[in-house]
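Participant: Sharing a structure, written as structure tokens. Questions coming.
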Amino acid sequence: MTGRRLLILFGSQTGTAQDTAERIGREAKRRHFQCRVEALDSYDVVSAGREGVCAQQCDSWPCPLQMFWRFLFRKNLPPTSLCQMDYAVLGLGDSSYPKFNFIAKKLHKRVLQLGGNPLLPVALGDDQHDLGPDAVVDPWLLALWDKILALYPLPPGLEVISPDVCLPPRYTLHYLAEDSLHSDSSLLQPTPPRAPPSELHPFAARMVSNRRVTAESHFQDVRLIEFDVTGSGITFSAGDVVMIQPQNCPEDVQQFCQLLRLDPDKCFLLKPTEPDAALPAHLLQPCTIRHLVTHYLDISCVPRRSFFELLSHFSTNELEREKLQEFSSAQGQEELYSYCNRPRRTTLEALWDFPHTTSAIPPEYLLDLIPRIRPRAFSIASSMLAHPGRIQILVAVVRYKTRLSKPRRGLCSTWLASLNPEQGDVRVPLWVKKGGMKFPADPDTPVIMIGPGTGVAPFRAAIQERVAQGQKGNCLFFGCRQKSKDFYCQAEWEELVTKGFLMLFTAFSRDQEEKVYVQHRIRENGRLLWELLNGQGAHIYLAGNAKQMPAAVAEALQSVLQLEGGLSPSEAEEYLSALERSQRFQSETWS
């Protein structure tokens, strides 16, 4: 090896893997390693074989891994491709999902096949554990550093930098004399795109309409929102998703600036403290404090352990410092979970609870302390064939109570719901990504769609697309609470039924004494489903909440296969598995 180099790669949808990767990066610096922390989707995978030590980790969701994944699983890669690499894989998942840490297990196995030298067995962090993933991460990291330091000892005369010492910030802020070099409103003006819009270059789409589709008396506010993407170069098919970059509300931005005694109109340039480090790709340069807080810092997210660890270094108050140190210790994780995760306390609220420390935070540490606002994914609920140049989404506005007095609100859904296109030109930064669901290339193939609640969104796109092609083999199972309050797109479905384009089966769970769900309607219509599946080669699609619904639907489908197809329980289970393997049964669920 030419030096003590450590590469940390992460694949993350939720930010958990990134947070852990950055933690490993900080610990590596304390051990005097040259260290890079990179997202898998931006990493030059061809150089992987030349790396020395590599710690890879991922949330159990494959989207950010796709390019890396495709390269790593090429059949023509020699079995010695990664023989110069010592590596370790950490998976972060949720054991309530059937494919718990599947990505991490597969990644570990493949790197081993390509000649990589495993430092440790693959580690599997679990959100369901009382202490969360840290129950696995903490002991894994201790073992990892023992292994790494045995192979690559500290240089003579150097010692591990104590956790009591605060590491330098990743960036410094260089304030400019001008109050502001641009206005925030100019940032979202549409410009002719040179390439299809992406995360780094989103399209500023004009919001055309923002209509509530649940009754005013219903507890849940659900919106059908339409955007104009004319001239963007955006194209999509049924099953694709639109990514939306949200922003913090002005009141929260103002509170944050007051708490930290920051001038929101102050303009600065960001510079990395290490020569090879890259600047944040998603942040404008030069930038105002207001823009940084509004568009970049996720002050509404639930803070992680690393937040309290860094905060403790700035504390000038003994009581606050002791509490912050407890929250960042391995022993204090249960207490931290009760304080943060259980009530879903936000970063801004946590800063309120530590006022002495908050007022002492050096501004250059803001980007180390608070993660960036992540884009949110929404299933596209319309077809380009039916609505050229438009994208429609179905958004459930997230609002719920915890033991905290103020209701919890979803950042993106609340922001979108607050926008009123009737009061002026409203722009939303967005781009489109391929979705996980693929509908049959042959429009004559019948489709059975099971979409309770907002899970119906991708099926609305599919039905519009198939109807535009003249296809009548569309079967939809839709469930909601009450026909009069949350039967989304009722008139549209009923018109398609009348015209013979749609078979519709509805389950209104609260309209009668005994609750009725989509799985009940599946059992009731078993003969039709068996004929579509076995006789006509239909495809099945499932979308919606990941709690109990997917398991209940799978059970109902197996029951149909047994009753109508005469299969044994094990044969019915295998039949469903075979449908999944051949992509004739696809599901997209979320928690």
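The count begins at 1 with the first shown residue.
Backbone N, Cα and C define each Cβ position, glycine as well.
Pasting the feature list from TrEMBL:
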type	residues	note
DOMAIN	6-145	domain 'Flavodoxin-like'
BINDING	12-17, 92-101, ASP127	FMN binding site
DOMAIN	200-440	domain 'FAD-binding FR-type'
BINDING	ARG344, ARG376, ALA377, PHE378, SER379, GLY410, LEU411, CYS412, SER413, TRP590	FAD binding site
BINDING	THR454, SER509, ARG510, LYS515, VAL516, TYR517, VAL518, GLN519	NADP(+) binding site
Participant: Counting each residue once, how many in the domain 'Flavodoxin-like' (6-145) are helix, strand and coil under DSSP?
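Facilitator: Split into helix, strand and coil, the domain 'Flavodoxin-like' (6-145) gives 58 helix, 33 strand, 49 coil.
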Participant: Given the model, what does the mean pLDDT over the domain 'Flavodoxin-like' (6-145) come out as?
Facilitator: 81
Participant: Using a 10 angstroms cut-off on Cβ to Cβ distances, just flag whichever of GLY15, PRO98 is the loneliest among these binding-site residues.
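Facilitator: Counting other Cβ atoms within 10 Å of each of the binding-site residues GLY15, PRO98, the minimum falls on PRO98.
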Participant: Out of these binding-site residues, LEU92, ALA377, LEU411, which one has the fewest other C-beta atoms within 10 Å of its own C-beta?
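Facilitator: Fewest other Cβ atoms within 10 Å, among the binding-site residues LEU92, ALA377, LEU411, is found for ALA377.
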Participant: Using only C-alpha positions, which one of ARG344, THR454, SER509, ARG510, VAL516 is spatially nearest PRO98 (FMN binding site)? These are the binding-site residues in the record.
Facilitator: THR454
Participant: Have a look at the binding-site residues ARG344, SER379, LEU411, SER413 and say which one has the shortest Cα distance to TYR517 (NADP(+) binding site).
Facilitator: SER379
Participant: Quick check for the class: what is the C-alpha distance, in angstrom and rounded, between LEU92 (FMN binding site) and ARG344 (FAD binding site)?
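Facilitator: Between the alpha carbons of LEU92 (FMN binding site) and ARG344 (FAD binding site) there are 20 Å.
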Participant: Compared by Cα position, which of the binding-site residues SER12, ASN101, ARG344 is the closest one to LYS515 (NADP(+) binding site)?
Facilitator: ARG344
Participant: Could you measure the widest C-alpha to C-alpha distance across THR454, SER509, ARG510, LYS515, VAL516, TYR517, VAL518, GLN519, the residues recorded as binding NADP(+), and give it to a whole number of angstrom?
Facilitator: 19
Participant: Would you give the longest CA-CA distance, in whole angstrom, between residues of ARG344, ARG376, ALA377, PHE378, SER379, GLY410, LEU411, CYS412, SER413, TRP590, the set recorded as binding FAD?
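Facilitator: Binding-site diameter by Cα atoms for FAD: 25 Å.
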Participant: If one measures from the C-alpha of LEU411 (FAD binding site) to the C-alpha of VAL518 (NADP(+) binding site), what distance in angstrom results, rounded to a whole number?
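Facilitator: Answer for this pair: 30 Å between alpha carbons.
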Participant: Can you give me the Cα-Cα distance between SER379 (FAD binding site) and THR454 (NADP(+) binding site) in Å, rounded to a whole number?
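Facilitator: Each residue's Cα considered, SER379 (FAD binding site) and THR454 (NADP(+) binding site) end up 9 Å apart.
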Participant: Whole-number Å only: compute the distance from the Cα of ALA377 (FAD binding site) to the Cα of SER12 (FMN binding site).
Facilitator: 14
Participant: Report, in whole Å, the straight Cα-to-Cα distance of VAL516 (NADP(+) binding site) from SER95 (FMN binding site).
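Facilitator: Cα-Cα distance, SER95 (FMN binding site) to VAL516 (NADP(+) binding site): 28 Å.
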